[in-house]
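Taken from TrEMBL as is:
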type: TRANSMEM; residues: 280-302; note: transmembrane segment
type: TRANSMEM; residues: 344-370; note: transmembrane segment
type: TRANSMEM; residues: 376-400; note: transmembrane segment
type: TRANSMEM; residues: 412-437; note: transmembrane segment
type: TRANSMEM; residues: 449-472; note: transmembrane segment
type: TRANSMEM; residues: 493-526; note: transmembrane segment
type: TRANSMEM; residues: 532-560; note: transmembrane segment
type: TRANSMEM; residues: 572-591; note: transmembrane segment
type: TRANSMEM; residues: 603-631; note: transmembrane segment
Amino acid sequence: MERALNSIRAVLITAVICIVLFSDDARSFYLPGVAPEDFEKGDSLSVKVNKLTSIKTQLPYSYYSIPYCRPNTIIDSRENLGEVLRGDRIENSRYVFRMREPQLCNVLCRVELDPKSSKAFKEKIEDEYRVNMILDNLPLVVPIPRSEQEGPPIYQLGFYVGLKGQYAGSKEEKYFLHNHLNFVVKYHKDPQTYTSRIVGFEVTPFSVKHEYEGKWTENTRLATCDPHAQRIVTSSSSPQEVEDKQEVIFTYDVTFQESNVKWAMRWDTYLLMADDQIHWFSIVNSLMIVLFLSGMVAMIMLRTLYRDISRYNELETHEEAQEETGWKLVHADVFRTPSNSDLLCVYVGTGVQFLGMVVVTMIFAVLGFLSPSNRGGLMTAMLLLWAFMGIFAGYAAARLYKMFKGTEWKKIAVNTAVFFPATAFALFFVLNALIWGEKSSGAVPFGTMFALVFLWFGISVPLVFLGSYIGFKKPVIEDPVKTNKIQRQIPEQAWYMNPIFSILIGGILPFGAVFIELFFILSSIWLNQFYYIFGFLLIVFVILLITCAEITVVLCYFQLCSEDYLWWWRSYLTAGSSAVYLFLYAVFYFFTKLDITKPVSGALYFGYMLIASYAFFVLTGAIGFYACFWFTRLIYSSVKID
């Protein structure tokens, strides 16, 4: 309940002060190089534990859901909205270090396994769960040397609970527990003050069956790990097996290494991308698509349209306009109100809301406001920005609605405020119920659900109404040409101008512009990897905007030239169809890159990817619609119509 109240408090504080202040803890508003903590030699360093994670199940669990060594009192750290939604559960632990004072063979606790605890450990080892810890806001990583090339190691977030293996000469598979941890704390020393700042937190896990003489007491010395006898753990030659009635002794070593890495640069090591050439290839690939489309648009705008407009105006001059051909022929129908115009207004307004959210989030991320040290900050910022962008959604929907001769602006405001969020929230609620059934820490508690509902109805809905009111009060957008009362019949179209075919074709290029970067985004979400290359992402997003706009304009021109004036919905669906390819790629990624076998985990993956694809459809559709809207108004205002 306390965690839920903290989530609600975070939302309330944010709504009052500023969008970027999105955390309970003031230090969560982080800029690289701000608010370091200095440690004197001998200062206490408390290690916090976070959730257990698995890329096989995608279901996080709290650290103490399995029988690890518990402190006398478990204290939950305050978590922001994004952390709770991610399933983070940050708690204190029994691991306590002294700054720059190495410790060897520290005994944490002794546990005797029973059938329940041994089963819990085996299940987590089977599902390849990792243990996550935090020291001075740095996540614990396992350095893995590169096999093919020299350079810095690859860092894996967290260490595995254990591993499966076989004894020599035996085919029976056993479960072994990582019960000895060799920590390495890297620090940067200030030559003037002699204080130190933590710049790295690494671990090497071992499975060791500890031995000792006599009965176990608090002062018992281990025969397998004794610094006085110069016996330290260097391998897992005699591993700790997980079985009923087995005795497990948890131990750890701590060593301190001085580093030249400064505190402000300590995240660079974690975020180092070894394959940045692939990102550049992605951008070059996307730019080639943009250049191709830009060439087509330039040809249409500068050559074809210029020639058409000149000819049409010349025909008007000589009173020969009776034999009109091409796109001018449908001038009296091109701005006719489309079918389901209310729904189109809702979708366009929601797309504007998402566009504003993504643009502002991207700017904050590129400027460094959404540092990875602020866990959950990105998700919290996106949710808050989505709520605040409701004013633009209402404005865009109401302006379009009034142009379609609508009069009930309150109805369109309600639909815009509720339609997409209700769909996403209903699916999210079902997925959350599945997580509750698995007793995972990823299940969103009731209080956080209330915070999300407050964001929706307390902030987003009123702002949508405000935007709709302002938009409806604006003068109506006048059409550049008059619309006939009698609807013109559309001639039979060629097979390649079939609406379904042209819409699906239109979505290929926008998806092709982003699919390489999409691989890294999916890997960061589902494979628990770092992603902080927002500079690349911003470039790709700009390319996506341009591609969506240009492909829609090109196909819209061809459609009008074939005397088909039903462009309103088709312009939206043409760019929005890229979401179909996004979801198909998510299916491909699931079967080729992930090792998910549990039905609940598969349902979570496809459920969340369905929500993401739906949001992508709304975003790209709005971009395509406005590009075509601008294009049609431009060309029809350039010709003389009697």
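Placement of Cβ uses the backbone N, Cα and C atoms for every residue, glycine included.
Take the transmembrane segment (493-526) and the stretches 280-302, 412-437, 532-560, 572-591, 603-631: counting Cβ pairs under 8 Å, 572-591 has the most. Annotation: stretch 532-560 has the most Cβ pairs under 8 Å to the transmembrane segment (280-302), among 412-437, 532-560, 603-631. With respect to Cβ pairs under 8 Å, the transmembrane segment (572-591) is most closely packed against 344-370, considering the stretches 344-370, 376-400, 412-437. Outside the transmembrane segment (376-400) by six or more residues, the chain places 10-11, 14-15, 19-20, 22-23, 28, 30, 79-86, 88, 344-346, 348-350, 352-354, 356-357, 360-361, 364-365, 369-370, 409, 412-413, 415-417, 452, 455-456, 459-472, 474, 477 with a CB less than 8 A from a CB of the stretch. In this chain, the transmembrane segment (603-631) lies in contact with the transmembrane segment (412-437); the count of Cβ pairs under 8 Å, excluding pairs fewer than 6 apart in sequence, is at least 3. Residues 267, 271, 273, 276, 279, 282-283, 286-287, 289-290, 293-294, 296-297, 300, 304-305, 326-327, 330, 334, 358, 362, 365-366, 370, 372, 497, 502, 505-506, 509-510, 513-514, 517, 520-521, 567, 570-571, 574-575, 578, 620, 623-628, 631-632 of the same chain lie 6+ residues outside the transmembrane segment (532-560) yet bring a C-beta within less than 8 angstroms of a C-beta in it. Long-range neighbours of the transmembrane segment (344-370) within the same chain, counting only residues 6 or more positions beyond its ends whose Cβ lies under 8 Å from a Cβ of the stretch, are 19-20, 29-32, 338, 377-378, 381-382, 385-386, 389-390, 392-398, 400-401, 404, 406, 412, 415-416, 419-420, 464, 534-535, 537-538, 541, 568-569, 572, 615, 618-623, 625-626.
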